[in-house]
Every structure is written in structure tokens, then in C-alpha cells.
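Below: one structure, written as C-alpha cells.
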Amino acid sequence: MSVQSTIRRKTAPDIRARKGGDPIVMLTSYHAHTASLVDRYCDAILVGDSLGNVMHGFETTVPVTLEMMILQGHAVMRGSQHALVVVDMPFGSYEASKEQAFHSAARILKETHCGAVKLEGGVRMAETIAFLTERGIPVMGHIGLTPQSINTLGSFRAQGREEGSWEPIEADARAVADAGAFSVVVEAVAEPLGRKITEMISIPTIGIGASAACDGQVLVLEDMLGLSPKPPKFVKRYGDLGPGIEAAIKGYAEEVRSRAFPGPEHVYGMKSKA
């Protein structure tokens, strides 16, 4: 006999239904503990392949593996109860064919129990998105600046800022929506373009360096907490935890070296005889 939880987790259809409504709040998380904190205030949690930068110190997200994403996705699911958890599909796990994408996405859903996957690309990935959604896998799209394409782009630069550069990005947005994605991340595009895309398509847009007019926003948690040395322009720091963490580590090191720690209150005495 199983005991059913009374806690209801948000789903992809819940997020889809927020189009044009209250803004969708989303942050990244890679650990159970931070997920439990983010879960209290956010509608969705993204287990982003940015974990390659944040956790592993990679310069790009390209080296991230499917196994890394599954491991951290499972941790975030264990730490959260309410938010929709979306796990990134890493570079090399979905581009070769629709079938490869399905097998990778199915592994993510089966092994993490998350509610959706996210993949990068617009027109070029539309058939893949449709293939997944038709087989019961909720997909969040990602257009504009696509970090997994860094070796093609050459640098992490905002998109759609030049005259005549909007059309391909608009086409990507339409393709993702028409393919059945329940929402789409719009990253680092000119603000008027982010606004136009939001008005143009029928699914929620989740902005990151796009526009306040988007249906929601997402940031990397460590960026907004002040733990990243050089965050992108679009990041607002809501905390400055770096100096506080450094001060705590410094204080610990000093007390260990001076033998001030552990103190009497931190050690165990002998039990008295009855």
C-alpha cells in the first residue's frame, strides 16, 4: 500500500497556462539544499548545464555530460517539492537524431523524475521538439544566445542587436512554439526583440537578458547571489555572499591554527558513572 503525498508539484501545463498572466519565476539549482530554498519562492527550477561552469569550472557548457545532468537533476528533485524541475539536455545528447534525443530525454525523466527537459535551438531542432512532445516528453525551448553553440558563435554576445538580424530569431521562436514546446527561454537578445517575441508566440517566454515584458525570468542562482566573479550584464546581484563566505572560511582557518577551535562546547566529555 502506498501513501500518496498531498503536496502537488507544478507541471509543464501549469507553466504553459501562465502565458500573459503572473510572471513565472525561475532560478537554477544543482543541489538538494539550494533546491529546497529556491523551491519556496519559484515556480520552476532549472537544472542547467551551467553546472559545468559553476560546479566544475569549465569555460563553456560543452564538456557537460548526460550523466552529470542526471545526477544533479535527481538531487534537485529530492530537495524540492513544489516547483517544476526542468533538466537541460547537454551538448551531444540530442543533436544527432530525433531518436537519440528521445532516448536521452527519456533517461533524464526516468532517472531523475523531473517534469521536463530543455534543449537549445529553434528551426533546426523543431522536428526533434515535435518528436519528443508527441511521445509524452515536455520540452522547454531555448533561443537567442545558445551557449552550447559557443564554438560556432565565437563568443557569448547578445543577439538581434544589428539591423536586419531579427528574422532568424523570430523564426526560431515560431518554430519552437509550433513544434509543441510548453515554453521557451529567450537569452541575451535586444530588448525590443524579446518584447516582440513574447507578443508574437502563444507559449510563455522565459527571459534571461531579454525583456521585462517576457512571461517570466530565469537567472543562474550563483550569479544573483554574488558568487560569480564576472557575471553577465543581464545579472542583477540580489546578494553578495562571496565576501561573507570568504570571511567565514578565513575565521575558521585562523581558529584552527590558533587551536581556538574546537572549543569546550564543541567536544564530547566522558559520561559520568551512574
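From the backbone N, Cα and C atoms, a Cβ is placed for every residue, glycine too.
Together with Asp49, Ser50, Asp88, the 3-methyl-2-oxobutanoate site in Swiss-Prot holds one more listed residue from Lys10, Lys19, Lys118, which is Lys118. What surrounds the Mg(2+) site, by Cβ distance within 8 Å of the Cβ centroid and not counting Asp49, Asp88, Glu120, is the set Gly48, Ser50, Thr61, Val64, Met89, Pro90, Phe91, Lys118, Leu119, His142, Pro147, Gln148 from the same chain. If you take the Cα of Ser50 (3-methyl-2-oxobutanoate binding site) and the Cα of Glu120 (Mg(2+) binding site), they are about 13 angstrom apart, rounded to a whole number.
The DSSP secondary structure for Glu120 (Mg(2+) binding site) is coil. Glu120 (Mg(2+) binding site) sits 11 Å from Glu187 (active site, proton acceptor), taking the CA atoms of both as reference points. Other Cβ atoms within 10 Å of the Cβ of Ser50 (3-methyl-2-oxobutanoate binding site) number 20 in total over all chains. When the Cα atoms are compared, Glu187 (active site, proton acceptor) and Lys118 (3-methyl-2-oxobutanoate binding site) turn out to be 13 Å apart.
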